[in-house]
Amino acid sequence: MMSIRQRREIRATEVSEDFPAQEENVKLENKLPSGCTSRRLWKILSLTIGGTIALCIGLLTSVYLATLHENDLWFSNIKEVEREISFRTECGLYYSYYKQMLQAPTLVQGFYGLIYDNKTESMKTINLLQRMNIYQEVFLSILYRVLPVQKYLEPVYFYIYTLFGLQAIYVTALYITSWLLSGTWLSGLLAAFWYVTNRIDTTRVEFTIPLRENWALPFFAIQIAAITYFLRPNLQPLSERLTLLAIFISTFLFSLTWQFNQFMMLMQALVLFTLDSLDMLPAVKATWLYGIQITSLLLVCILQFFNSMILGSLLISFNLSVFIARKLQKNLKTGSFLNRLGKLLLHLFMVLCLTLFLNNIIKKILNLKSDEHIFKFLKAKFGLGATRDFDANLYLCEEAFGLLPFNTFGRLSDTLLFYAYIFVLSITVIVAFVVAFHNLSDSTNQQSVGKMEKGTVDLKPETAYNLIHTILFGFLALSTMRMKYLWTSHMCVFASFGLCSPEIWELLLKSVHLYNPKRICIMRYSVPILILLYLCYKFWPGMMDELSELREFYDPDTVELMNWINSNTPRKAVFAGSMQLLAGVKLCTGRTLTNHPHYEDSSLRERTRAVYQIYAKRAPEEVHALLRSFGTDYVILEDSICYERRHRRGCRLRDLLDIANGHMMDGPGENDPDLKPADHPRFCEEIKRNLPPYVAYFTRVFQNKTFHVYKLSRNK
């Protein structure tokens with residue numbers, strides 16, 4: 001399969017406009033230029049410098065990632081088919097629709113081909129705009145047609161440069177979020193440096209370019225930055241409206257570009273629910289954010305031709321349940337501590353029950369089964385019952401859906417990110433507990449949320465939001481490695497904010513009786529500067545070596561297969577095989593598929609299980625009948641799957657099929673007592689012997705070191 005081989009030779013103190021001056025900092029303020037005009041100029045200068053650095057660091061990150069991609073594959077030198085093969089698995093499937101739109105004679109015909117597609121799933125016509133999140137490919141194809149770039153920029157470069165450009169926006173949004181939280185752009189600079197030096201754990205865009213998360217996460221970061229600003233107290237009405245607009249647009253674009261949007265926003269809704277229940281942010285602002293989430297999802301639902309999976313999402317059920325519970329349960333935030341605690345537990349129970357009730361009702365009305373594999377996976381993952389379900393086990397056995405590896409923390413510690421994160425997290429968690437206890441105890445408190453009596457600890461609403469956000473997404477990342485990119489990028493933001501926060505250093509210095517306004521200033525600037533110098537000293541040489549290392553794409557077997565398909569099979573031929581390979585077949589050859597990697601449809605999952613019987617212990621006539629039921633003309637067998645050794649016993653694809661079919665697994669090891677020996681040998685092995693029962697149904701037409709292609713007989 002595809003591999004990579006070595007290429008052949010051929011400072012001043014800043015003042016934030018939104019931070020109210022504290023009495024302890026009066027002396028520091030007096031050192032700033034005096035007079036209203038001077039302060040305004042100083043503020044403008046700070047914003048200009050910080051904004052310029054934000055744009056520069058974002059662009060540099062984008063160029064850095066694009067250069068790594070070029071150096072790793074020699075993308076500018078390889079053939080078109082090799083470029084397309086480099087878009088592995090589902091990435092190739094998504095890119096194929098961009099290519100399809102560009103190859104259509106007109107935009108109208110391109111849209112029609114997506115809405116009435118009969119090549120992605122054989123013998124079926126499906127609406128791709130309803131089934132998949134591919135509006136970004138549609139939009140990009142329209143831009144490429146309209147803009148005057150066709151003469152000097154190939155379509156594939158227009159596509160990948162757009163994704164790398166979004167990475168610039170992503171890093172800039174992280175920078176701004178940290179700046180908003182701490183009040184200094186130095187914090188944003190540190191967050192960006194940490195993002196780059198921890199690249200292995202913060203992004204995978206350079207080798208999975210078309211992946212949905214690479215489109216979605218930049219908009220998610222913009223949304224978090226906008227929410228952080230929105231939760232500040234005493235915003236001007238115009239600022240508040242503009243911020244709400246930014247939140248809505250970023251939430252909508254995030255929802256439109258990733259099929260897992262509803263689960264990420266459910267985590268956000270849980271953050272809002274927690275803070276609202278503990279009186280740590282204004283209820284009216286939480287209501288606005290709940291409403292924006294629902295509105296964005298419903299708008300996406302309309303654009304996706306009323307995709308039932310969106311309507312049946314837990315997020316919509318949860319947010320509606322919160323609104324209903326608020327109406328039913330009055331005076332939630334009054335009474336003594338025990339009284340309020342009891343009301344809070346009752347409120348939590350009511351919202352949970354309403355959420356499950358509404359979700360079940362909606363799913364029964366819509367007859368929705370598209371997301372049941374996710375809940376089967378979660379049930380098995382958290383030990384709520386063993387399962388032999390093929391789909392659930394397919395996820396359980398993938399490393400990306402396993403627990404976060406322990407060596408991740410070693411890499412994060414090398415850059416000091418993990419140590420700084422734990423330091424800041426520990427302090428803010430303690431403060432959050434104190435503030436929550438105070439809020440629950442003091443029901444007569446008439447002060448605004450986030451403010452407490454002078455001399456007590458304080459946690460601003462925007463800080464509280466980012467604290468609970470990082471905790472919940474941390475649990476998500478620890479349980480599912482694929483979701484670590486949502487957490488590690490926010491780790492950079494949260495850790496850098498804490499090291500540059502005057503409130504954090506004030507609390508820490510007061511606790512050890514070393515408080516002094518000058519010391520706060522010294523600590524909040526010297527610590528991040530020292531860390532930046534350390535990062536430059538330790539990682540700059542390695543980054544330069546990485547940029548100078550030249551490799552090239554090398555996958556001759558797959559290239560040979562794609563060229564053979566293009567030259568020797570009819571345009572309307574139907575191909576069966578593994579999901580990952582068939583995505584490449586569609587992109588490189590345009591042939592019709594039996595199945596594909598977009599696994600969010602129940603009928604497709606059933607079809608995939610049937611096609612995968614080519615790797616199970618089944619009779620040739622049974623496999624032939626299953627494949628022909630989907631109109632299959634050719635089947636591609638892969639030695640890397642048939643003789644797989646990458647996964648442990650019980651997690652190889654052939655083992656999952658054996659268990660699902662009730663057959664004993666191959667090789668030494670235990671089997672469940674009720675599993676029985678199969679009546680037939682493994683199909684993918686036995687077919688290569690060219691025995692009469694197999695030759696009667698299958699004729700080998702292509703073979704190399706990796707792939708075997710068989711043509712199915714039609715008269716059986």
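Placement of Cβ uses the backbone N, Cα and C atoms for every residue, glycine included.
What Swiss-Prot records for N118, N704 is N-linked glycosylation site. The annotation intramembrane segment is assigned in Swiss-Prot to 185-197, 216-230. Summarising the annotation, Swiss-Prot assigns topological domain 'Cytoplasmic' to 1-43, 198-215, 231-239, 280-289, 324-338, 438-465, 500-522. Marked as topological domain 'Lumenal' by Swiss-Prot on the basis of similarity to another entry: 65-154, 257-262, 360-414, 540-716. According to Swiss-Prot, the transmembrane segment annotation covers 44-64, 155-182, 240-256, 263-279, 290-306, 309-323, 339-359, 415-437, 466-485, 488-499, 523-539.
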Which numbers of helix, strand and coil residues does DSSP report for the topological domain 'Cytoplasmic' (324-338)?
7 helix, 0 strand, 8 coil
Using DSSP, break the topological domain 'Lumenal' (360-414) down into helix, strand and coil residues and give each count.
35 helix, 0 strand, 20 coil
Roughly how many angstrom lie between the C-alpha atoms of N118 (N-linked glycosylation site) and N704 (N-linked glycosylation site)?
30
Where, among 290-306, 309-323, 415-437, 488-499, do we find the most CB pairs under 8 A to the transmembrane segment (155-182)?
488-499
What are the sequence-distant neighbours of N704 (N-linked glycosylation site), meaning same chain, six or more residues apart, C-beta distance under 8 angstroms?
D557, E560, L561
Residue counts in helix (H, G, I), strand (E, B) and coil for the topological domain 'Cytoplasmic' (500-522), per DSSP?
17 helix, 0 strand, 6 coil
